[in-house]
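See structure below.
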Amino acid sequence: MTAEHVAAIDRAHLWHPYSPSPASMAALPIARASGVHLHTMDGRQLIDGMSSWWAACHGHGHPLLVAAAHEQIDAMSHVMFGGLTHEPAAALAAKLVELTDDALTRVFLSDSGSISVEVAIKMALQYQRGAGHPERSRLLTWRSGYHGDTFAAMSVCDPDGGMHALWSGTLAEQVFAPPPPVRGSSAEIRDAYLADFEALVGPDVAAVIIEPVVQGAGGMRFHDAGLVAGVRRICDRHGVLMIADEIATGFGRTGELFVTSSVGVTPDILCVGKALTGGFMTLAATLTTAAVAGAIATPAGGGALMHGPTFMGNPLACAVALASLDLVGTGYWRESVPRIEGGLCDGLASLADLPHVADVRVLGAIGVVELREDCDMAAATEAALAAGVWLRPFGRLVYCMPPFISTTDQVARICRGLRAAVTACGKA
Ligand SMILES: *Cc1c(COP(=O)(O)O)cnc(C)c1O
């Protein structure tokens, strides 16, 4: 097919994320992806400044992941997980247990981040029933979060950004605290925040769910790790479970393997996804403790964890995830993420002086420019493309998450693309 043919069929028949049909902005046809690059069907080479939404952390088509996929697909691409098991799932579970906190020993494999959050919520509710607290049936979270697009996950997304008004009467009504104070807030502000947060833990709260340190699609906001430790203490005081959604932050993005373990916090339930397969295919996991699993296994807890996707434990995805975690295990990103962080700081700092820019912030391999008003998405995307960079701004945010393999020059180019996008928004 030609690029025009692909674009025409796409426009006539395909839905894209958060878009009407037909879409208001044409999607860009991509032929191949390798390393940090996307190759368009019309022959352009672009740097994937988004790591394809946090996932392609080692770049695209990493030879070790490609080899793992080839080897696995020749043996077995998929078998049902009900009653059957296999080495890729077993080895991946062992690896996840090894990489995460010692207390997290039970692994539920699912097909996407949203589903891993659904499973986390089921685990928490079934746990509370098993622990003799069926009245604990709601979730507490802070605003400006994002946990996915399925209904239970949506119910804990930021109520405004998640368009709860559209779903009122349909979505479970959860308990919302204000957004966490931004990184660098004083100890007084943090303590006051945590006191208010604790006051929201009513007798009907089963669990707290948060994205620790980095809130992703709900606003790309950063907060201090002290708040995460504070939430852990609050959960302990009230017999409430702590769910850490590290789907975006897990596997090195912030410069730490997981932000929770790096600050000595063990969640009761941990969700991982996105970079789990290095961006190769879809897979997520929900990890929990023996205590949570034990309560679920009691008659009051339901006796069994009531979830079981058709493609649970998909061997192909597990084999690739295992190869990706081997790469994570080499620790190469412990050098490259701080280097990328430095490059983003250097390359983006000057934008803070622009009148239409509200804030510039960098943490690990995440660079965010927050505008005062919504960006002109088409103009911003075009400007970045002209600089050879693929970015996907939304709302007031123009941001990037470079692949960990990005060279210093490539990070500088991503910053040029981002500056061009931000400048284009200023002209609109
Ligand atoms: C992307 C994301 C999800 C949802 O994952 P999907 O694979 O898109 O379903 C959930 N939580 C966080 C923090 C995310 O960044």
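Any Cβ shown, glycine's included, is placed from N, Cα and C.
DSSP gives Gly308 (substrate binding site) a coil state; it is part of no helix or strand. Counting every protein chain shown, the Cβ of Gly308 (substrate binding site) has 12 other Cβ atoms within 10 Å. What TrEMBL lists as substrate binding site is Trp53, Tyr146, Lys274, Gly308, Arg392.
Taken from TrEMBL, the feature pyridoxal 5'-phosphate binding site covers Gly113, Ser114, Asp245, Pro309, Thr310. Long-range neighbours of Asp245 (pyridoxal 5'-phosphate binding site) (same chain, six or more residues apart, CB within less than 8 Å of its CB): Val117, Ala120, Gly145, His147, Ile209, Ile210, Glu211, Pro212, Cys271. According to DSSP, Asp245 (pyridoxal 5'-phosphate binding site) sits within a strand segment.
Annotated N6-(pyridoxal phosphate)lysine per TrEMBL: Lys274, in sequence order. Around the Cβ of Lys274 (substrate binding site), the same chain contributes Trp53, Trp54, Ala55, Gly113, Ile247, Ala248, Gly250, Ala284, each under 8 angstroms and 6 or more positions distant in sequence.
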For Arg392 (substrate binding site), the three-state class that DSSP assigns: coil
Neighbour-count leader, CB within 10 A, binding-site residues: Ser114, Thr310: Ser114
Fewest other C-beta atoms within 10 angstroms, as judged across Gly113, Pro309, which are the binding-site residues: Pro309
Where the C-beta lies under 6 angstroms from ligand 1, the matching binding-site residues among Gly113, Ser114, Asp245, Gly308, Pro309, Thr310: Gly113, Ser114, Asp245
